[in-house]
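Visitor: According to Swiss-Prot:
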- ASP41, ASP43, ASP45, ASP52: Ca(2+) 1 binding site (BINDING)
- ASP118, ASN120, ASP122, GLU124, GLU129: Ca(2+) 2 binding site (BINDING)
- ASP155, ASN157, ASP159, THR161, GLU166: Ca(2+) 3 binding site (BINDING)
- 28-63: domain 'EF-hand 1' (DOMAIN)
- 82-99: domain 'EF-hand 2' (DOMAIN)
- 105-140: domain 'EF-hand 3' (DOMAIN)
- 142-173: domain 'EF-hand 4' (DOMAIN)
Amino acid sequence: MQFPMGPACIFLRKGIAEKQRERPLGPDEIEELREAFLEFDKDRDGFISCKDLGNLMRTMGYMPTEMELIELGQQIRMNLGGRVDFDDFVELMTPKLLAETAGMIGVQEMRDAFKEFDANGDGEITLGELQQAMQRLLGDKLTSQEISEVVQEADINGDGTVDFEEFVKMMSR
């Protein structure tokens, strides 16, 4: 039998990634956008042109296709009078930034995911807690035996539970 850790972890990572896409941008991300925007706002009037937007996106590592730029340009001309201010720029870039970082799981996201599994909040995930969480997340896709094997594999110290450190190691496999 193939070890079920892979599908369970992939599903959990996908769930965390979806939450990442729904979160607001953090102060560091907004500051990164502000610095990039100011670099292209040559006349310091608080606006950049459609053309500058494409170049700005490229300097930030996004490679919009010509079609995407045309669509953005039309949207900007129709809704924003042909120019983009910082707030509009943030609104345009937020989905791209969130999609880019969605696959990256940070410590806080790991803690949040761990708390989802640790139903009683004692700092350890028991077989029962994992079964409940997997049932919620995956439905009937994993059997009790498979879930038990997940705990056994993740339980490095052999105490029958998965602590946060073991959880992080399990998720990074």
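Cβ atoms are placed via backbone N, Cα and C, with glycine included.
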Visitor: On a C-alpha basis, identify the one among ASP43, ASP45, ASP155, ASP159, THR161 that is nearest to GLU124 (Ca(2+) 2 binding site); the candidates are the binding-site residues.
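Guide: The smallest Cα gap between GLU124 (Ca(2+) 2 binding site) and any of the binding-site residues is with THR161.
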Visitor: DSSP on the domain 'EF-hand 1' (28-63): how many residues come out helix, how many strand, how many coil?
Guide: 23 helix, 3 strand, 10 coil
Visitor: Reported in the order helix, strand, coil, what are the DSSP residue counts of the domain 'EF-hand 4' (142-173)?
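Guide: Tallied per class, the domain 'EF-hand 4' (142-173) gives 19 helix, 2 strand, 11 coil.
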Visitor: Six or more residues out from either end of the domain 'EF-hand 1' (28-63), which same-chain residues have a Cβ under 8 Å from its Cβ atoms?
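Guide: Long-range Cβ neighbours of the domain 'EF-hand 1' (28-63): 69, 72-73, 76-77, 82-86, 89-90, 92-93, 96-97, 101.
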Visitor: Sorry to bug you, but what's the C-alpha spacing from ASP118 (Ca(2+) 2 binding site) to GLU166 (Ca(2+) 3 binding site), rounded to the closest Å?
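Guide: Cα of GLU166 (Ca(2+) 3 binding site) to Cα of ASP118 (Ca(2+) 2 binding site) measures 13 Å after rounding.
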Visitor: GLU124 (Ca(2+) 2 binding site) has how many other Cβ neighbours within 10 Å of its own Cβ?
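Guide: For GLU124 (Ca(2+) 2 binding site), the count of other Cβ atoms within 10 Å is 19.
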Visitor: In sequence order, what residues of the same chain, 6+ apart, have a Cβ less than 8 Å from the Cβ of ASP41 (Ca(2+) 1 binding site)?
Guide: PHE47, ILE48
Visitor: Could you check which of the binding-site residues (ASP43, ASP45, ASN157, ASP159) sits closest to GLU129 (Ca(2+) 2 binding site), going Cα to Cα?
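Guide: Looking at Cα distances from GLU129 (Ca(2+) 2 binding site), the smallest one goes to ASP159.
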